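I have placed the structure first, in the form of structure tokens, so that the comments after it can refer back to it.
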């Protein structure tokens, strides 16, 4: 089996020589030479396929279980990890999202300018590579590559870098060790679109006339549009493996990046000490490099969030106020609001027979599978010439349902949400005219079909609509807390746009991921926490550019404590099922760039010693409240002098006392401490589940918010 042996960080400064690298690599071989081999033949001896010798100290090797156990007990070894498989955090059908290229430009423009659009920052993306020819990576008006940059561009596959895209590298040996030789051409080029999409969302250049099939037309730009970007390809069609991800961390930290964007994770509930991504991220944080990561797409179930270590900036996904509308018009004249990105449309005003997929099942298919429009489940003699209603879910990609409908001869498809998807509507580039509708409207359609022998419907062409309310809403797929490893740490930390995001794409991949789809687009709309993660990475880049002395903890705190918990209609952010969302869905709230203007120059350094109850995190979680529990927090003034008074919204059944109730700052950089004491109220026996509240500090000009999460025992 393949393992990763972690020995910590190197003691020598960054910029070590080739001689140093060779010495480190030799030390790794010397360590293996101390193992006992039980007289095995030479061809079965341990084999190192990665020697991490730049920033990370360790190696990846083929070992047997006995050798792995010996290494775990070696005094110089900190951790021995399996070379695990990780996954990308997009939803199953390449759910297309749209960058905020049509909304909010006036309020955000001054912030971008103040931070010089992030031009002093280098953002790294660990993903599937990059499409370097994309307009999002043009270097027009970009100055020389920063002299501190030590990376390079691997040119296989015709990849060429410039002053914008300053690095492109690939890592594959971990995949080879886990499953055998990689059959994909070795290149940093992106062949599926995911890497280009995420990298351009974080730091893409201004790209005019961006759209998919003419929808969402506007100028696309990343969160830090003037930042330099670098692609580290660690994911291949066969997966993303830990040994390759750690090799990318070692390279990126040595190359000189400022922000690392990780739209991947999901290796299961494992301890931080054996989670390769967590260890790589901690190495980065120790060197002052922010690491932003996706929370995962396993919602809406609880305890599903991934990348939950405290040092990650973990991001959930929510909607935007831009939607792509396609109405379903039933024969009884009911108009149902749906969404789509179909590039084909039915004739205006023409209706077609309407059939429920369960009534169109093939002879060898089950009703349950036919209802979901699974592959090969529909009978063409029953479907041809009709609009078919398919149910969402069943681990079948939404686009695959449309492909099955088209195979069976349907002229159009209505994709009805299942109950868990609720009101979440995700626009997809279907191969036939189609519209996705919410759960409630889906019930109406089925009731209509059952009420008449001659049900008919039509589907309207797609229209782009802006200013939709309420927005944001939490995506149903977005993974939720509580934190399954450390309940005292609230995850995700924040939410950001992750539904229907428009960004750069690979021009050798189809927007539907289907081999039969011959369409190609320079930009595409995708959904997932893969898409929300780079939104925050871009904002981190802006803050890093404006405040280069801020630590990753300070940047995360600045964004979390100024996030909003209300939608654009002034009401609390909703979940996909229409209920009020909780911090387990949105963390501290939805990122709010307009507050960045309130921060001044200051730095923050995490304490070396702390307990979980006093860990200086922007949110406060008490997962086992039985009696009186007191936590402390230390805050630093990064703005003008002022006096902040606290307002407490106590969780239900909980008494919350803050001491002191007022914090006065006379100068920038001044620090203050406060205590928060939680006690069960008289009626706390009624509250055995998690309950939520908040602390709000305000000087009447600025607001600093911390979520409160409590569970009574």
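Here the Cβ of each residue, glycine as well, is placed from N, Cα and C on the backbone.
Here is what TrEMBL records for this protein:
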ACT_SITE  127  active site, charge relay system
ACT_SITE  194  active site, charge relay system
ACT_SITE  530  active site, charge relay system
DOMAIN    2-89  domain 'Inhibitor I9'
DOMAIN    118-589  domain 'Peptidase S8/S53'
DOMAIN    352-443  domain 'PA'
DOMAIN    615-710  domain 'Subtilisin-like protease fibronectin type-III'
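Everything TrEMBL records as a feature, shown here on the structure.
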| residue | record | CB count, 10 Å |
| --- | --- | --- |
| 127 | active site, charge relay system | 28 |
| 194 | active site, charge relay system | 28 |
| 530 | active site, charge relay system | 33 |
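Comparing residue 194 (active site, charge relay system) with residue 530 (active site, charge relay system), their Cα atoms are 8 Å apart once rounded. Here the CA atom of residue 127 (active site, charge relay system) lies 10 Å from the CA atom of residue 530 (active site, charge relay system).
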